[in-house]
Structure formats: structure tokens, C-alpha cells
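Read the structure below first, then the notes.
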Amino acid sequence: MGLIAENLAARRGEDLLFVDISFSLDEGGALILTGANGSGKSTLLRVVAGLLRPDSGSVSYTPQGGGEARPAGEAAHYLGHRNAMKPELTVEENLSFWKDFLGDAGGGAGLCVGEAAETVGLGGIAHLPFGYLSAGQQRRFAFAKLLVAWRPVWILDEPTAALDAAADRMFASLVSGHLARGGIVLAATHQPLGLEGAKELRMKGFAGTPQDRAA
Amino acid sequence: MSTTSLVLNKVTGLANPTRFLALCRSILPWMSGITALLFAVGLYMSFSSTSDYQQGYTVRIMYVHVPAAWLAMMCYSVMAVSAIGTLVWRHPLADVSHKAAAPLGAAFTLISLITGSLWGKPMWGTWWVWDARLTSVFILFIMYLGLIALNRAMDEPAKAARVSAVLILVGFVNIPIIKFSVEWWNTLHQPASVVRMDGPTIDPSFLWPLLVMATAFTMLFFTLHIAAMRNEIWRRRVTSQRRMAARMAGREE
Amino acid sequence: MMSLFLRDLKLSVRAGGGALIGVLFFMTVVAVVPFGVGPDLNLLSRIGPAIVWIGALLAALLGLDRLFQAERDDGSLDLILMQETPLALTVFVKCLAHWAGTGLPLVIASPLLSLFMNMNEVAIGAVMLTLLVGSPAITFIGAVGAAVAVALPRGGLLVSILVLPFTIPVLIFGVSATYAAVEDPAPFLPPFMILAALTLLFAALGPLAAAGALRQSSD
């Protein structure tokens, strides 16, 4: 059930960043990754999203009520440092492209573009080119991208960097809304997201070179 | 001293975009009307003129070809003057002027190239030759397109205007080359027959329709140019309004 | 997939897009040739088809380096890689959109440039037809180069260097089909069919190889 990671290990270049990381998250569960810069938070998230191949271990997602286990990436939204939006196109064009392209994963439905823009509090300016917006507004619309297509798992890498306090609160409510709908959230962050009942995984970083582990 | 400043005031007053828009509103209908009238007269004269004993009816292509070619060069000259305005006085209206003129210049150049080859096929037996006049006009066409592409590629209009102004002034060397190419090199294209030191060599029955058509084309150019400048000013205002809207949306909370 | 096609097409037409630049480059390359070889019309009409083809080839390569790099720069590539839909299909659609945005304008502009080369009507038609059939192959091959060079900071020139050798067969059969149409004894159909076969082959092979390269390059 849910998102299961077993014995994950990954390296950057020759150095092992982490070994033996396992966790499992049920519907409505959240996991917060904390740790210093360079401790491998982003790498772990990219491994879970299927963008990096792990050194060992596996990640899978099994939908509620049975069904086949599948790569977690296919059931996940990934929100990295970059917003994945084109500055030349309007916000609406961007969002409706992602809505069509991503489609809904099983078990839910995405909001329509207008509703998603309202939800992030910027309904009035969705007709503007994305490039006209401030960094904070762009980030908010990147959150709206999570809403237009349903994915049970959200993988968020430093989601609230470059946001003010109000946007922080708005984002926390989005995340708890997602959890309430039976979603799963996996986030790396320095700031508290204000989630109750979230598990925490502290990344220590630098698990040693392969030789150290062999010794 | 006081007179010069008065003149300056008048010029800069006219150059104020808002005043310019008001001026556009009042004179554009008149200009379009005059242009339409001139074209009606000019086209009638062109079609009723006698045909050349050598060239037959194809001589009438000249009534479009020659004015379009003149306008192609004049448009570039207008752009060059605007470019000086951009670089020396940093005036926004000069930016708008040469940006708006580039597509018009490209269109007039294209018309002269097309009509030229339509005429060249029956007369010379080929659509195109690489002689000095034709080649230099073709280069003018590519320069216009390059300027359009440059303007489109840059986000910031003020910066784009300054960069393209430099390019326009550098490219201006091509204009005298086009004008005198028929005299400097031995080309297939015939030499100038209207604007000459010793008076026109063209027969008056051809000259009159040509002059009317040239005036019509010139009026057409200025009408379109002013309209395009007005559109460009509006476009910039819309853009800044939209940026403003984006900023205000953040402030509400 | 339709939405991806439309988005890429929109991007290539919007401000800063590659459509206009490609055609302009094509015109400039072809216009430079008479300065080099001299304005001899007979010579020009003889080498015309080859010049137009080479110009189109170079112009088609011009915008290719941004095919995936632009997606990578703003993070869209990550999302594209994660999807359930086969990556090769996504790449195929992106190639089609890129061709429609930059290759098709070249095909449309080619008759005009053929006139400048003093080619006759049959040769003009043949050049346009062979470009229409052959230019997608350039895009599909180029996609592989673009995918390999996606992680490089300045991949632009490298993509052209990587891709040009593979486009040589396309060039050979495109030009020879055109000449076959003009000069009587040689039959037109065999080289033209080979050109079509090359396009189909690269349409199948290119996206697969590009998808593989993209998977390797994600980091």
C-alpha cells in the first residue's frame, strides 16, 4: 500500500551520498526530509521520482485498493527548483498544456485551470505571460500545476524557497488538502511546512566512499 | 536662444507619445483618404497610358515597380534618421518609428523585387540575375528581415531599439550603393531616367502616371507608418499595463 | 500529445522563436553563393539544387540544439521523463512540431530561392518535393544529437558537428533525386524512394535513440 522505498543508495560521482534508506508512506502520509546542504535530499527525491537510477534498492507505488505496483515516478508530481513553465506563453497556456500532457493518474481528477489559479490566490492574472510575473507569483503557479492533474504522490524539492509568509501558509493548506484527499507528500525543506503528523527523515550526508563501506 | 528653445519645445511636444496619438487620430483619416484618391487616379492613368512600342503592356509594371523601389530606399532613410534620434536624443518615439518602419520597408522591397522579376521574365528571359542593382536590393531585403528578427528576439524594447539603431546606421552604406549601382557597374538594369541632373529622359506620357503613383506610394507609406507607430505605442502600453497588473496582484494581500 | 505539438509550435512562432531566423539564415546562405562562384546564370542553374539543399540542411540544423535544452533549462524535461507515455513517442511529437515550426518554412521558401539560382520549373518542383520528403529526416537525426548534447552548457555547435555526418545520405539522395528529375536519362523514382525510406527509417530510429540518450543524461 502506498509509496514504499527499500534500501535506497545513491552516489554522486564516486561518493556514496546515502545508503540503506527505507520508508513507507500510506495514503495521507507525509515525509519531510531535513538536513544540511549537500546531504543528498535532492538526490533522494530525484531517485524516488525515477529521474536518477539508485545504486541499489527500489521504489514503488501501489494504489489503494489493490492494483499493480508501478514506478513511483509515474504516479508522482515532481516540483524541483525550476518551475517547468515557459515564460513566452501565458499562465493559462502553460497550465492547460500540463493538464493535457500529464493527464490524471488513477484515483482522482485534477482541477480545471481557472480553479487552480483561484486556489493559489492569483485567479485574476492567469491571462498574463508567465515571464511577466514576479518570482513568488511564478512559484505559486508552479503549485497550481500540481493541482491541474491528479497525482497521488507529490515530490517537492524546497517548495517554499522565495516565498513570503502568506504564500507559505497558502502552500501549507494545499499540502494538507492533498493529504486529506488521500495523497502522499514527500518534501525536502529547510522551513517547517506546518504539517502535523508528518514523519521526518534526517539526512546526514556523506555515507563514505565504497572502500570505506567494504572495510 | 529663445527661438531655438521654442522650436525645440514644439518638436519635443509633438514627440510626446500622448500628443502623437492625438495627432494620429485627427490626421489618419485624411491621410488614408488622400492615399486612396491618389491611388485611384494613379492606377487609372497607368492603365489608360499608351503601351511602349518595345515593351508592350508590360511597361505598366513600371508604375508599381519604380515607386516601390524608391519607397524601399526612402523607408530605410527614414529608419536611419530615426536611428540617429534613438542614439543621440534617446527619444522613445524614434525607437517606435524605426521599429514600425522595418516591416513596411520589407514589404515595399518585396513588392519591387516581385514586380521586377515579373517584368524581367518576358524582357530579359529570366526571373533573376545577380547584377549589382538587383543584388543590392536583395541585400536590403535581407537587412530589413534581419532587423525585424532582431527586434522580435529582444524582450526589452529600449535596448532592442538602441542595438538595432546601430545596425541600421551601419547598413545605411547600402543605400548609396543601390542608388548608384547602375552607374558604377555595367548592369543589365537600366540607369535612372527620372531623377537626373539633366532632367528626365522618360517620355512625359509615362512620366505623369509614374509621378502620381510615386506620390500615392509615398502617402501610403506615411499613412501606414503612422498607423504602425500608433499600434506599437498601444502595444507597449498594453504590455506595461499587464506588467502593472502582475505587480498589483501581488500587493493585494 | 496534441497539446505538446501545439505548445512547441506556438513557442517556435512566438517572440524569439526559431521559425523566422531559420528562413533568414537559409536565404543568406543561398544569397552568398553567387558572390563566391560569380553571377554566371548557367553555372548557377547547374549547381542550384545542391546549393538550395545545403542551405536548407544548415538552416534546419540551426535551431536543433534548443530542442531539449530549452526544456531542461526550465525543468520541463524532468516532468516529460517521468511520464508513463513512452519517451520515444514524446520525442517523436516534439520532432514533428520542430519540423513544422522550422523545417516547413524552409520548404515553402525554397521555390523563391530556386528562382534566384535560375533553376527551371521542373527543378524547382523537384527541389521542393525532395525537401518536403527529406527535411523531416534531418530533424529526426538532429534530435539524437540534441539529446546527447542536452547537458552541455554550449551544445549549439557541437550538435551540428555530431549530426552533419549522419545527414550526408539524406543530402546525397535528395540532391540526386532533384538532378534526376531535371536530366533526362537518370530515373527520378529510385533515389526519391530511397530518400523517403531514409526519412521513415530515421523517424523510427531517431526518437528511440534520442529517448535513450535523454534517459542517460538526466542527473
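Just so you know, glycine gets a Cβ as well, placed from its N, Cα and C.
Just so you know, TrEMBL annotations never went through curation; they're auto-generated.
If you check TrEMBL, you get these features:
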{"type": "DOMAIN", "residues": "B:14-189", "note": "domain 'Cytochrome c assembly protein'"}
{"type": "TRANSMEM", "residues": "B:27-47", "note": "transmembrane segment"}
{"type": "TRANSMEM", "residues": "B:67-89", "note": "transmembrane segment"}
{"type": "TRANSMEM", "residues": "B:101-120", "note": "transmembrane segment"}
{"type": "TRANSMEM", "residues": "B:132-151", "note": "transmembrane segment"}
{"type": "TRANSMEM", "residues": "B:163-186", "note": "transmembrane segment"}
{"type": "TRANSMEM", "residues": "B:206-227", "note": "transmembrane segment"}
Long-range Cβ neighbours of the transmembrane segment (B:27-47) (under 8 Å; 6 or more residues past either end): 60, 63, 208-209, 212-213, 215-216, 219-220, 222-223, 226-227, 230
Residues from the same chain, set at least six apart from the ends of the transmembrane segment (B:101-120), whose C-beta lies under 8 A from its own: 58, 61-62, 64-65, 68-69, 71-72, 75-76, 78-79, 82, 126-129, 134, 137-138, 140-141, 144-145, 147-148, 151, 164, 217, 221, 224-225, 228
For the transmembrane segment (B:206-227): best-contacting stretch of B:67-89, B:132-151, B:163-186, by Cβ pairs under 8 Å: B:67-89
Averaged pLDDT, computed only over the residues in the domain 'Cytochrome c assembly protein' (B:14-189): 84
Same-chain residue ranges lying at least 6 outside the transmembrane segment (B:132-151) that approach it to Cβ under 8 Å: 69, 72-73, 76, 79, 99, 102-103, 105-106, 109-110, 112-113, 116, 160-161, 163-164, 167-168, 171, 174-175, 177-178, 181-182, 184-185, 187, 189
